[in-house]
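Trainee: Just lifted these from TrEMBL, have a look:
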type	residues	note
ACT_SITE	C36	active site, nucleophile
BINDING	C304, C450, C509, C512	[4Fe-4S] cluster binding site
BINDING	S351, D413, D414	Mg(2+) binding site
COMPBIAS	1-16	compositional bias 'Polar residues'
COMPBIAS	17-28	compositional bias 'Basic and acidic residues'
REGION	1-28	region 'Disordered'
Amino acid sequence: MENSVEFNRPTNVNENSNHEARNTTKKEQTGLKHECGVFGAIACGDWPTSLDIGQIVCLGLVALQHRGQESAGIVTSEGKCAKNFNVYKGMGMINNIFDDDAMRRLRGNLGIGHTRYSTSAASEEVNCQPFVVHTAHGVMAVAHNGELVNCESLRKDVLSRGVGLSTHSDSELITQALCLNPPEGEVNGPDWPARIRHLMQLAQLSYSLVIMMKDKIYGVRDPYGNRPLCIGKIVPLSLGNKTVHIDDIEADGWVISSESCGFLSIGARYVREVEPGEIVELSRHGIRQIDIVERPKNKKQAFCIFEYVYFARSDSFFEGQMVYSVRLQCGRQLAREAPVEADIVSSVPESGTAAAHGYARESGLHFSEVLCKNRYVGRTFIQPSTRLRQLGVAKKFGALTENVAGKRLILIDDSIVRGNTIGPIIKLLRDAGATEVHIRIASPPLLYPCYMGINIPTREELIANRMDAKALARHVGADSLEYLSVEGLVKAVRFNLKSTQDNDQIGHCTACLTGEYPGGIPEELSW
């Protein structure tokens with residue numbers, strides 16, 4: 001079905017908005033969906049800046065488009081007035097929302113943005129972020145990646161103080177909670193770091209936040225480090241390709257983002273991650289650490305391990321290592337755990353490609369492409385016949401027959417969720433002449449839902465809860481099917497881990513694989 005989107009006119013937050021937007025796109029019920037990506041940018045030095053902050057934020061969101069495709073928004077500020085922000089939001093993909101006219105009206109010296117896939121609230125315009133609210137001390141904008149585990153108790157706390165909420169979004173809940181006075185009170189105006197600390201004590205999982213005030217941006221990562229957040233430095237264009245240490249380069253500005261993958265495209269260089277529990281402040285004078293909120297004693301970090309497996313772009317950096325390198329190592333580990341005699345190794349593009357190269361290198365087998373992806377699969381204007389529906393995946397992939405015919409092949413993918421697509425792919429390869437098709441999955445079976453910002457289907461929908469590997473192989477028509485073990489995944493993720501932290505505190509959330517949730521199972525919602 002077609003997307004139907006009505007563009008929002010950029011507005012001042014003082015104006016009433018009665019825009020309507022709708023999204024009639026039917027979601028593919030095949031994989032996982034990430035909730036969202038957050039991005040912020042601020043210019044250094046004297047304002048007005050020569051940097052086009054609105055464009056930088058927009059390009060930063062384009063690089064994070066894989067984290068959410070339902071809606072997006074950008075908020076900018078001149079940094080002079082505490083009453084007015086420039087706001088533009090809409091449903092759909094970023095390149096369909098922000099046109100030239102929108103970007104002209106989003107000029108400013110600092111700004112934040114958000115791209116969203118819904119988990120805790122419906123896919124409607126009212127839930128588009130960043131959320132913008134007026135407080136007693138000026139306007140504030142908040143963009144959130146994650147999902148609150150203790151949403152119910154925090155909601156009751158906020159409502160009990162006479163604060164009204166217009167949505168069921170936990171991101172709006174965070175925004176309103178930041179408006180509450182901290183327990184220790186405030187003497188000379190608002191103490192935003194104290195308010196942020198108070199929120200982090202009330203809710204420890206799961207979020208990365210960018211919070212914009214009149215002339216500064218705060219970056220916040222939950223104490224468990226469950227959701228990613230990193231910092232980049234916008235460098236002068238005159239730097240070119242000179243090899244200079246990042247600390248020796250004067251900053252034109254700073255960016256903060258869910259992932260580092262878009263930094264080079266906007267003239268920025270990766271600096272570091274925001275540490276778990278850390279609050280950082282970005283201003284025209286630079287970046288500084290405000291505080292670190294500790295997690296409960298005897299609790300380890302819980303960075304989402306599926307960021308490495310599935311969600312992040314391959315060129316992003318987490319914990320000092322590139323995601324691509326981890327996926328390569330997952331393939332190597334998979335080859336050790338689940339070898340099989342075959343002629344070639346290949347992948348489901350592009351999700352399994354890095355792991356397939358790792359498997360090939362470890363096994364000594366040749367890597368060869370066997371599937372060609374159609375990049376123009378989108379709107380369908382006709383209803384296919386039963387026969388064409390059964391062919392299903394043929395519209396998305398083509399088989400490279402010369403590489404497949406007469407071959408025993410190992411096909412690598414990063415995960416299996418509902419198991420809807422792997423069967424048609426195997427049939428396609430057999431029709432192209434493959435004599436054997438062995439499926440290898442570079443992650444463990446998904447068994448449990450996620451409550452921390454990933455839209456994983458219910459346990460009943462997860463095919464690994466209905467079939468073990470042998471039964472699933474028979475179901476999808478594979479000669480064999482094996483998963484990477486949980487221990488193998490953790491080993492691969494930590495193989496090249498470079499960390500200055502105590503090794504006893506390094507930790508990764510494997511809740512969707514093991515059912516062990518770092519903050520416990522969330523409260524039942526009464527609304």
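Each Cβ is built from the backbone N, Cα and C atoms, and glycine gets one as well.
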Trainee: An 8 Å radius from the center of the C304, C450, C509, C512 Cβ atoms defines the neighbourhood of the [4Fe-4S] cluster site; name the other residues of that chain inside it, in order.
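Mentor: These residues sit around the [4Fe-4S] cluster site: N226, I305, F306, M452, I454, I456, T510, A511.
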Trainee: Compile a sequence-ordered list of residues in the same chain as C450 ([4Fe-4S] cluster binding site), six or more apart from it, whose Cβ lies below 8 A from its Cβ; state 'none' when nothing qualifies.
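Mentor: C450 ([4Fe-4S] cluster binding site) has long-range Cβ partners I456, A511, C512.
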Trainee: Do me a favour and check the Cα-Cα span between D414 (Mg(2+) binding site) and C304 ([4Fe-4S] cluster binding site); whole Å is fine.
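Mentor: With the alpha carbons as reference points, the distance is 15 Å.
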Trainee: Hey, for the Mg(2+) site built from S351, D413, D414, who else sits with CB inside 8 A of the CB center?
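Mentor: Near the Mg(2+) site, beyond S351, D413, D414, sit Y310, S347, V348, G352, A355, I412, S415, I441, A442.
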Trainee: May I ask which of the binding-site residues C304, S351, D413, C509 is closest to the residue listed as 'active site, nucleophile' if we compare their C-alpha atoms?
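Mentor: Among C304, S351, D413, C509, C304.
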Trainee: Using C-alpha atoms only, work out the spacing between S351 (Mg(2+) binding site) and C509 ([4Fe-4S] cluster binding site) and round it to an integer in Å.
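Mentor: Their Cα atoms are separated by 21 Å.
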Trainee: Please name the residue among the binding-site residues D413, D414 whose C-beta has the most neighbouring C-beta atoms within 10 angstroms.
Mentor: D414
Trainee: Can you name the residues of this chain that are 6 or more positions from C509 ([4Fe-4S] cluster binding site) yet have a C-beta less than 8 Å from its C-beta?
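Mentor: For C509 ([4Fe-4S] cluster binding site), the qualifying residues are Y224, N226, A302, F303, C304, I305, M452, Y517, P518.
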Trainee: Taking the Cβ of C512 ([4Fe-4S] cluster binding site) as the centre, how many other Cβ atoms fall within a 10 Å radius?
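Mentor: So the number of other Cβ atoms within 10 Å of C512 ([4Fe-4S] cluster binding site) is 26.
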Trainee: What is the total of other Cβ atoms whose distance to the Cβ of C304 ([4Fe-4S] cluster binding site) is within 10 Å?
Mentor: 29
Trainee: Tell me, how many other CB atoms lie within 10 A of the CB of S351 (Mg(2+) binding site), whichever protein chain they belong to?
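Mentor: S351 (Mg(2+) binding site): 19 neighbouring Cβ atoms within 10 Å.
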Trainee: Could you tally the C-beta atoms, other than its own, that fall within 10 angstroms of the C-beta of the residue listed as 'active site, nucleophile'?
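Mentor: The answer is 28.
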